[in-house]
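S.K.: Quick one: the structure is below, and I'll ask about it shortly.
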Protein chains: 2
Amino acid sequence: MSEGERAEELTELVENNDLTGIRLWLAEHRPYEIADELSRMAGSQAIIPFRLLDKDRELEVFEELDPGQQQAILLGLRDTAFHEILEEMDPDDRARLIGEAPAKIATRALAGLSPAERRMTAALLGYPEDSVGRYMTPETVVLHRDLTVGRALEIVRAKGADAETIYTLPVVTDGRRLVGTVTLGDLVVNDARLLKDVVDVLAPRVRATHQAEDAARLMQEANLVSLPVVDSEDRFVGLLTFDDALELIEAADSEDMARQSGASPVGDHYVSVGVLRLVGARSVWLMLLIVAATLTVNVMQVYETTLEEVTALAVFVPMLIGTGGNVGAQSATAIVRALAVGEVRVRDLPRVIWKEARVGLLLGLMLAGLALAIGALLVGFQVAVVVAVSVIAICTWAAIIGSSMPLLARKVGVDPAVVSSPMVATLVDATGLIIYFSVARLILHI
Amino acid sequence: MSEGERAEELTELVENNDLTGIRLWLAEHRPYEIADELSRMAGSQAIIPFRLLDKDRELEVFEELDPGQQQAILLGLRDTAFHEILEEMDPDDRARLIGEAPAKIATRALAGLSPAERRMTAALLGYPEDSVGRYMTPETVVLHRDLTVGRALEIVRAKGADAETIYTLPVVTDGRRLVGTVTLGDLVVNDARLLKDVVDVLAPRVRATHQAEDAARLMQEANLVSLPVVDSEDRFVGLLTFDDALELIEAADSEDMARQSGASPVGDHYVSVGVLRLVGARSVWLMLLIVAATLTVNVMQVYETTLEEVTALAVFVPMLIGTGGNVGAQSATAIVRALAVGEVRVRDLPRVIWKEARVGLLLGLMLAGLALAIGALLVGFQVAVVVAVSVIAICTWAAIIGSSMPLLARKVGVDPAVVSSPMVATLVDATGLIIYFSVARLILHI
């Protein structure tokens, strides 16, 4: 674990205020490795090694940090350094930082920018949060369709150094209307004389107001290194690049996972997030769910006489509730994911429910066998039959609930991931108990 | 929903055997869109539109399909078409297809390859599954360090058409030992005369036997469009490209999500996966968990006399069990994700447990307030106090269990994602009941 040792080292060096040691450590590591270690420190600590970075690496490290850590670092910098970093950041990274920062930082940041950079930032900030417009880079080399390939290459050579990417080059006609794209590789390798003969007019494009996550998944499906972004009149406004796509997909998946467990997503690095923020992110759903669980208390009370008559019934309540919750969680998770990656659409609802109902039934039959054995062994055959029959019904029901709820959420425009496993489990709990006690009354004639 | 209409259309066209209509539909759509629709059909149906594709788009569509669908399509093709597709696939895609296919297809596929392609495929198949070697492309343009920039560009121009990517160019010294990389952009834009002046010697590299998922996350962290891959003697063997990285991250996250819900990952498109395969993927954990839930039955039996004395205690069992499971699932999910994206490491164990214990305690205190109100309202003050005190203890305990188990799994070399929410919930169920009944005996003096 050389990685582990390295990390201890930097924290130790900072704690011992060993400036020479820190300088040496920084020289030996890559910007993303440095950012990774800084993310694990408190902001007040991270500023020490950050200030010791060479000017040219400072920016690279800064751009790799989480928004929270970026703000902490900025607060620790003097005016000159503060403005230098912001002026030189990629416009899309800067817009996101300013968009998320408290007003104090945002105002100071915007005020210090040069007019050109401020214009660019303001334009990006005009797009809705989570839209492609916030993530695209306007710093590209735009080529006119009527150019020759040779002239196009000359333009790339002349302007390429200022662009964030030159792998994909947007090709436009008058009024910056997007015709298509050409890759740098096509320009270099191709023998064609005219640009219009090599431009890919079928290259996918998205509107700047489009959901950023969807655009990233499109890039993955279509194997695109950059995706051209246009405004409502099909004018080119920027490129979404593969590194933003990778980041968007990872962040979206992190959010979905958190939501699936009934927590709000916390964007920042786990180690640097405080206890209170974690509590805040997790408490809302837990409180709603414990209130919803009052239903189970009600159901149990309704059947209290049944429980008193056959006390053996009570001992299987946790097992039945657990099993129903597990089956429901599996179905919900599968459908939430299939929706996220585009494998399932809302109109598939009947087909999905039919499939999941059969899956639930088969799982129920298998589990009923086990439940029958466990019940017969521990309590007696009659109660075991009740438990087994209930398992079949509960599993089928849980699979139907678990699979239909995310689809219904999407249908009414809610993020399907908020249909969390705990939410499905809580719903299945109360209804599962009703199934259990009804089956018991039928079979045991009570 | 233009996307929805489009999809109905192709399925309908195929069902009506409307060949002209299918040809028209295919001409109007992009390869990845066609692949997306084919993935939603049975293999026997998908073969019809696939056969109608132009030769040059056939391959593009084929490479976008899931392994399962690729196999179904291959089985429906005649020998010539079968071998043509395999011969022209990217070597890494081909190796993965052959590696996963049943022996019948694999043998037929290898037998038909040209010697050069067969050698390349065999080399990739020599690397372990899920390793970078299976995903990298050997088809690149390799440059010797001693070249001039001009000569390097000439080589790229001459050989670039056969390479899968020329965005990142590996630079080697004698014996193909990797010096670093240079981007096509650097070659085109730079004024330097010698290649060794522009090569990035600090560019990250990985071994071919390295975990593919880790390599993909490294590319995301370091913003790399391609990552050079070397053998044990630092000789260049291939490039991992951004499209594979995007696919790897999406697949890894899908797997983690499935595992988190207690299911094995299925890999293929949800719509094309049959009921029995879904049952197979989900049944193992469910059966283990229902057997583990026998513990809860035992605990309930041990405290049966307590339950008989105060029957009101039983009605809160579902609520307590549910709450403990929810808190444990939140902690487990947070830590599994933090481990996956590299924010938390094994040696953070004590720090993580300390943090989660405090989170659990605070959540417990908040929920206890609600539980006290619900309990007092529905049953009575004494039992409500028992429930509230239990909630505090159970939440703290659940957070500790939920956070420590994934870390312990990683420590002993098991994928932390197998510590699923249902597994944590089941563990917390039994122990939570013991806590509950112990608290009840203490407070109610029974």
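Keep in mind that glycine also has a Cβ here, set from the backbone N, Cα and C atoms.
What TrEMBL says about a protein is an automatic prediction, not a curated fact.
OK, TrEMBL features for this one:
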- B:136-198: domain 'CBS' (DOMAIN)
- B:199-257: domain 'CBS' (DOMAIN)
- B:284-303: transmembrane segment (TRANSMEM)
- B:315-340: transmembrane segment (TRANSMEM)
- B:361-381: transmembrane segment (TRANSMEM)
- B:387-409: transmembrane segment (TRANSMEM)
- B:421-444: transmembrane segment (TRANSMEM)
S.K.: Residues of the same chain, at least six outside the transmembrane segment (B:387-409), with any C-beta under 8 angstroms of its C-beta?
M.R.: 316, 319-320, 323-325, 327-332, 334-336, 339, 344, 346, 348-349, 352-353, 355-357, 359-361, 363-365, 367-369, 371-372, 374-375, 415-419, 423-424, 427-428, 431-432, 435-436, 439-440, 443
S.K.: Give the nonlocal contacts of the transmembrane segment (B:361-381) in its own chain as ranges (CB under 8 Å, at least six residues past its ends).
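M.R.: For the transmembrane segment (B:361-381), the nonlocal Cβ contacts are 312, 315-316, 319, 323, 327, 387-389, 391-396, 399.
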S.K.: What same-chain residues lie close to the transmembrane segment (B:284-303): Cβ under 8 Å, and 6 or more beyond its ends?
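M.R.: Contacts with the transmembrane segment (B:284-303): 262-264, 317, 321, 420, 422-423, 426-427, 429-430, 433-434, 437.
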S.K.: Across the domain 'CBS' (B:136-198), what does the mean pLDDT come to, as a whole number?
M.R.: 90
